[in-house]
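Quick notes on the structure that follows.
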Amino acid sequence: NLWQFGQMMSDVMRKNVVFKYLSYGCYCGWGGIGQPKDATDRCCFVHDCCYGKVTGCDPKMDIYTYTYSKENGDVVCGGDDPCKKQICECDRVAAICFRDNKDTYDSKYWFYGAKNCQEDSEPC
């Protein structure tokens, strides 16, 4: 669920970063339109696409299980429910994407606003 995603992001990035990504670019936050503005925003675009492929459960609400290793930074999705595991994998890939692209984060895209995202969206 979205709370767990925020926790996973904080685990992987080793600090509480949820507020920085809550409304960033054209895709970080609720929904998304237009073209991703940078690699950080593209992480959110890919995450939105991943959630869009989940069927049989609710990515924003359903609770999954995962473990995080502080030693090596690995996230491992667990549990027996394949749908919830798929949600966790979407979140895991996005959290790692944020970490790997943290240098592309540009504060000018924080609270960027949909009015600046009028280009045609690319397909997932």
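Here the Cβ of each residue, glycine as well, is placed from N, Cα and C on the backbone.
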Would you identify which residue of Asp11, Asp38, Asp48 Swiss-Prot lists as part of the Ca(2+) site it also attributes to Tyr27, Gly29, Gly31? Asp48
Between Cys44, Cys49, Cys50, work out which one Swiss-Prot annotates as bonded to Cys28 by a disulfide. Cys44
Looking at Swiss-Prot, which one of Cys97, Cys117 makes a disulfide with Cys26? Cys117
Just name the most isolated of the disulfide-bonded residues Cys26, Cys28, Cys44, Cys50, going by other Cβ atoms within 10 Å of its Cβ. Cys50
Rounded Cα-Cα span from Cys44 (disulfide bond) to Cys26 (disulfide bond), Å: 9
